[in-house]
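Report on one structure; see the data block that follows.
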Amino acid sequence: MSATSWEKQKDNTFVFKMSQPIPSYLIALAVGDIVSADVGPRSRVWAEPCLIEAAKKEYDGVIEEFLTVGEKLFGPYVWGRYDILFMPPSFPFGGMENPCLTFVTPCLLAGDRSLVDVIIHEISHSWFGNLVTNATWGEFWLNEGFTMYAQRRISTEVYGSAYTCLEAATGRALLRQHMDNTGEDHPLNKLRVVIEPGVNPDDTYNETPYEKGYCFVSYLAHLVGDQNKFDAFLQAYVNQFKFQSITADDTLGFFLEYFPELKEKGVESIPGFEFDRWLNTPGWPPYLPDLSPGEQLMKPADELAELWAADSLNMEAIEAVDITAWRTYQLVYFLDQVLQKSPLPEGNVERLSNMYPKISKALNAELRLRWCQIVLKNNLEAEYSKVKDFLHSQVRPWAALCTLLVHVQFITHQYPQVLLCRAALHLSIHPSTHPSTHPPVCTDSGGCPDPGAGPCT
Ligand SMILES: [Zn+2]
């Protein structure tokens, strides 16, 4: 359980003790054959015995650095331990930041540490979300927008601004896609949403609180104009509201109180950027942080994608580009460019596959997803088995198939289900749902055919 301490008493009775007050949604209990291994001075990984070695290898020594940077930026880590529990594959989220013990998907075990930084997001919740909590789910951005900002501050310190901006650009592209899919004016594309009868609370869990929230926090930092001063504000904010559940009015009121010169200037009502507009108007963020430092990593990826899209491949130029040091989001960016240019001229994707086993044979789920999309869009039948394996490794193969096909633009608004069924038959994916699937997954058909429906013809 996510708790400060626990002890086993007789008759398999376990007693847990949590020293700090937490909101009820953060209480979580996992039951199973679970073992642990130390990976840092205040961190352990927990998993079923078959996964524990892989978990230890992946995370040994990495968590402490993230925690230390977080403490430097946002103040003391108050929860004592930071342990990670690897859930079974049916766990439907990337991670859940239960204090003392974050629950994560086993997808993070890429085997080469290429996804370890995903944990920075969950660690950032130790200050934003777990320590200062949104009082209502209508203001979920207070948890997630601040956490995205904190995550990218830690990432900037550890990996530099170029890589962090590249990752943030990926997030911005997801927000664009979400708003295009739902329509910018959708009432849930506000930071302060009204969850009333008829609104499915699950639908409020989308890119808006994360990425638009990140833009709003970045806008507040932009108003301050000095990173050190804004970091100091974040520490003061955490200290002011720790162990409390608050509203956006508390947050923004404290911001203006902390920076009286900005209050005097009336920054809350600058036309077009009014705090009220940020909170209560749906649509694209009025302010976008500058992500141009990411261009130094995007440029070589753009150029390489261009080379692979040529009718006649310039292998000399391609071989001159060394991608061995490219980290996950630079590779993701490269693959997204290749996907956009796909289908590539005949034979190019086969050569690309052979040239970069780091990509085409990756166990990293972000890379696998993109590679499968490229395989489908280029009709690379020789690698359909990889798509099939990937889909079968997902607990919700139908939803995964939807994701794959939406991205490769197989689906039209007119006949999505027919096309899905055809693709599924082609790849031998059956519309079944595993009985042990987590309840929210069972209802998450994501616009796919009813999982209980008969065979598609
Ligand atoms: Zn989060």
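Each residue, glycine too, has its Cβ placed from N, Cα and C.
No curator has checked TrEMBL annotations; they are predicted automatically.
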Record-annotated Zn(2+) site (TrEMBL): member among Glu139, Glu144 besides His121, His125: Glu144
CB within-chain contacts under 8 A for Glu144 (Zn(2+) binding site), separation at least 6: Gly129, Pro209, Tyr210, Gly213
Residues within 8 Å of the His121, His125, Glu144 Cβ centre (excluding the Zn(2+) site residues themselves): Glu97, Glu122, Ser124, Phe128, Gly129, Asn143, Thr147, Met148, Ala150, Gln151, Tyr210
Residue with minimal Cβ packing [other Cβ atoms within 10 Å] among the binding-site residues His121, His125: His121
Distance-selected recorded positions near ligand 1 (C-beta under 6 Å), from Glu122, Glu144, Tyr210: Glu144
Three-class DSSP secondary structure - Glu122 (active site, proton acceptor): helix
Assigned conformation of Glu144 (Zn(2+) binding site) - DSSP reduced to three states: helix
